[in-house]
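**Q** Taken from TrEMBL, the feature active site, charge relay system covers Asp182, His221, Ser377. The domain 'BIG2' annotation in TrEMBL covers 706-784. Sequence annotations record features per position, and here TrEMBL assigns domain 'Ricin B lectin' to 791-934.
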Amino acid sequence: MKVIKKILLVLVFMLIEMYCVTDNNAGFINLCKVKVHDVSVDSLKSPAESDYKNISKSQASELNPVLYSSEEDTSIDTIVLRLNNINDIEDLDITENIISIYDNIDTVNVEVPEGVNAEEIIKKYKDSPFVEEAYTDAEVRLFYTPSDPYYSLKQWNLSRINMESAWDVTKGNSSLVVAVLDSGIGPYADIDGLVNGADTSGGTILEDTFPGQYSHEGGFHGTSVASLIASNINSQGIAGIAPDISIMSVKVFPDGLDTTGMSQIAAGIVWAVDHGADVINLSLGTYVNGSVVYDAVNYAVSKGVLLVAATGNDGYVNSICYPAAYDGVIAVGSTSIRDDVSVFSNEGNAIDLVAPGENIYLADNESGSYSSFSGTSFSAPTVAAVAALVKSQYPSYSGHLIEQILYTGTDDIFTNGWDASSGYGIINAKKIMDIAANPYRDSNDTIDSADPISMNKDYIGGNYPALDNDYYKFTLYEPYTVIINVAPTGNQDLGFELYDNTRNMLSMTNANPEGASEARTYTLNKGIYYINIYDILGNASDSAYNIKITANDNTAPKITLIQNSVPLEIGATAVTDVVLSIEDTSYFEVNILRNSEPYGMPAESIFTENGVYKITVSDSSGNVSEFNFNIDKTHPLIVDFNSQGGTEVESTSTLWGSVISEPETPAYSGYTFKGWYKESSCINQWNFDKDAVYSDVTIYAKWSKNVSGVSIEPSSITLNNLGEIRQIIASVSPADAGNKNVIWHSSNTEVVTVSTSGSITAVGNGVATITATTEEGGFTATIETTVQDSSGVYFIKSKNSELFMDIYGGGRDFGTNIIQWSYHGGTNQQWKFENLGNGYYKITSVLNPAYALDVYCSGTSMGTRVIQWPYYGGPNQQWKIIENEDGSISLISKLAFENGTRYVLDVYGGSAVAGVNVIQWSGNGGDNQKWYLEQVRDYTLSYNCNGGTAIASSPE
């Protein structure tokens, strides 16, 4: 995170707007990282991401020439398409030539055809629902300047940053991986620790199956950078800064070129992160702020990867190239052997560090030997390699902590602390390794670890290492007007933030120059608040600062003593341990006397010893409170027994912390005793073996009212369907009986089963008795249950003639009469009974399953014949079974039952001759109105298709 964040947020709070530079041809040039320290806060036009204003270059120059720089047009004839998901490419109608596809960043690059305006292509794709963003790609360049290959000073750069002392601590280890995003790495790098890399330069990602397969050198630059980081120390060639670490080559530049596109860079960053890189070096850059690279950087930061990038070689004083300018990237400029900032090194708001970058002796695959190079391209890997040493030695350190260590372990070359030319200064590897061994001087770097402070007292703190934040926490027990004052003891430029208990920032303060105090007055409600104090430039400082919160506090300290969760009164005697708490907004001191002798604050403020106590609390505002109390654990404690309606039980006494014996059981007519409990509601039972007495206490008896009987209503029920379920309710008396549990039993589980809750299920025809027995007292109640379900296929036999109900002539037509006929077993004599669940049955022939037994034309006259007719559910097609005393049945239609005629099925004239019709007739009890059902075990359904397509018969 860039240090300027603090300044920017202060300026946002001051509602100062941001200006950026645009160019009609080059597109958007983002100067939000430009930082100017030689103008006042009030005059500075500060970059705030949400407040950009686009103005022309000429307008920018007139408005603020200090911010203006004339970068050249770096756009190229390529359009970057950021898709919502790379799989959407199938739905996206791309008519241009596709140059590259990068799955890992959901990006497609297309070529701008000759003579076509790029803006027209961009507009077309921006309107697509599959495209998140479309823009012109920008050229990304390597930053180097070839120098004399025979420069005699060789590796002066390593001596300048004290590498020899750092090597005494570590030379790295192979588990630490530095990814070099560059032109590839060749054999002259003299590196043993090469791991598999990738090539993203050609439009797709090619992954090595062995080191250098695709990530080999396409130009000298990557080899030179890698050799600076990790060349072996073997008396041959040069020494690398971190010779024992591993190098991952990610080739992002096409062979022979020193320019590439932003998508190639972004794809390389994401690939390196996903394949184990700990540090990524980016000796490259552009002046265009491309979201695809920005998102890749944020992804790397979110995964804890450290990114280091070069600031650029154009000598601009107020412009840092991307990606170095992004938050989360360490931006590195170049210095000479004289500790001057190199004339070609870009300067500006986003710079973090500088490192040697002139005449650096490195491997050169073009010459096949070693040459001397200059450029920020070689300053960045110097920092990346030192960062790798720190991470190797301290693998648990976060990327942010390593940044702090790097920014603290520097040599200032201009002003003390950060400046826009050299950042925090030239890295010093010895200082860095010394600081890494013990990087912290305080433990309040997060809001969750804030140090508690009180009003009206001076506290001392310090900002170390770089980017240090110091959090403090204070509590107001009532509304106050407070003054927060932060005063440096040296030349620090301090600021502070105030947060409420929800972590919501209330204000930021940085109104005065370096070395001056920052103070602000607030009117605050009661509650918890947090203060964060920091150096506005992120500098580390050996000088301290003072912080004090001042208020006019006239409220005396509040002293509270708690015994067994109950507040103790002043002057009271406690018979158990007592816990002390004090509330006071101001700083306070506590004086304790026990038996008139000084007494120290006990552990966790818990008083356990017998004695006479006096506590005096005095705060820094002059307010004083006192509290007197005694502790006497030998004082007898009274235990009362409340029998809650039973016979009286005598109280007892015991000493603090003792258990008591269980008293005699009280009596209560009509009730059963259930034990002694800690509360009158009888929730928690008293354990006489374990529960000790620590205060006067009352124990309560629990009772259960005795059961006197049980009943079930009604006394009998009939279930007409197999599988039918009913709930039986057993009423236990009295209604407030303590134990209402009953045990259920069925006398015949082949007829009816019963659950433990009284739910019965019909499983077979017959009669069963269901019994409910009370758990307490053994009282019983019964209900007789009859199951009567005649569903199935039957022959229907007349008692009078012993002939069977028959469809005349085996007729297939609806309207055919029903007659009696001699038995032959045909399907026109087989009848299927289906329980309708309303006390009636649907009766259909097996011969014609679509036709049901029917009273002709719903006739209400005696003598109406019975026929077969398509079933439609009318009352003349629903039949009730009446059981006769002789075991036979009678059949009555729902129509006849409900209209009061009560006509039953009858063999006309009481005839015993085959062929006589079945009719409805007034019930007279004759045998020609009685029938026997003889069940058919195996039968076949036939289908009458009435001329339609035939359907095969099916067995049932």
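Placement of Cβ uses the backbone N, Cα and C atoms for every residue, glycine included.
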**Q** May I ask for the distance between Ser377 (active site, charge relay system) and His221 (active site, charge relay system), taken between their Cα atoms and rounded to an integer number of Å?
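**A** Counting only the Cα atoms, the answer is 9 Å.
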**Q** Calculate the per-residue pLDDT averaged over the domain 'Ricin B lectin' (791-934) and state the result as an integer.
**A** 94
**Q** About how far apart, in whole Å, are the alpha carbons (Cα) of Asp182 (active site, charge relay system) and His221 (active site, charge relay system)?
**A** 7
**Q** When the domain 'Ricin B lectin' (791-934) is classified with DSSP, how many of its residues are helical, how many are strand and how many are coil?
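**A** Split into helix, strand and coil, the domain 'Ricin B lectin' (791-934) gives 24 helix, 63 strand, 57 coil.
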**Q** With every protein chain in view, how many other Cβ atoms are within 10 Å of the Cβ of Ser377 (active site, charge relay system)?
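**A** Total other Cβ atoms inside 10 Å, all chains included: 32.
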**Q** How do the residues of the domain 'BIG2' (706-784) split into helix, strand and coil according to DSSP?
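**A** Here the numbers are 0 helix, 41 strand, 38 coil.
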**Q** Hey, does DSSP put His221 (active site, charge relay system) in a helix, a strand, or just coil?
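**A** Where His221 (active site, charge relay system) sits, the three-state DSSP reduction gives helix.
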**Q** Count the other Cβ atoms sitting within 10 Å of the Cβ of His221 (active site, charge relay system), across every protein chain shown.
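**A** Its Cβ has 29 other Cβ atoms within 10 Å.
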**Q** According to DSSP, folded down to helix, strand and coil, what is Ser377 (active site, charge relay system)?
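**A** Looking at the DSSP assignment, Ser377 (active site, charge relay system) belongs to a helix.
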**Q** If H, G and I count as helix, E and B as strand, and all else as coil, what does DSSP give for Asp182 (active site, charge relay system)?
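**A** Going by the DSSP assignment, Asp182 (active site, charge relay system) falls within a strand, counted as strand.
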**Q** With every protein chain in view, what's the tally of Cβ atoms within 10 Å of the Cβ of Asp182 (active site, charge relay system), excluding that atom itself?
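**A** Other Cβ atoms found within 10 Å: 30.
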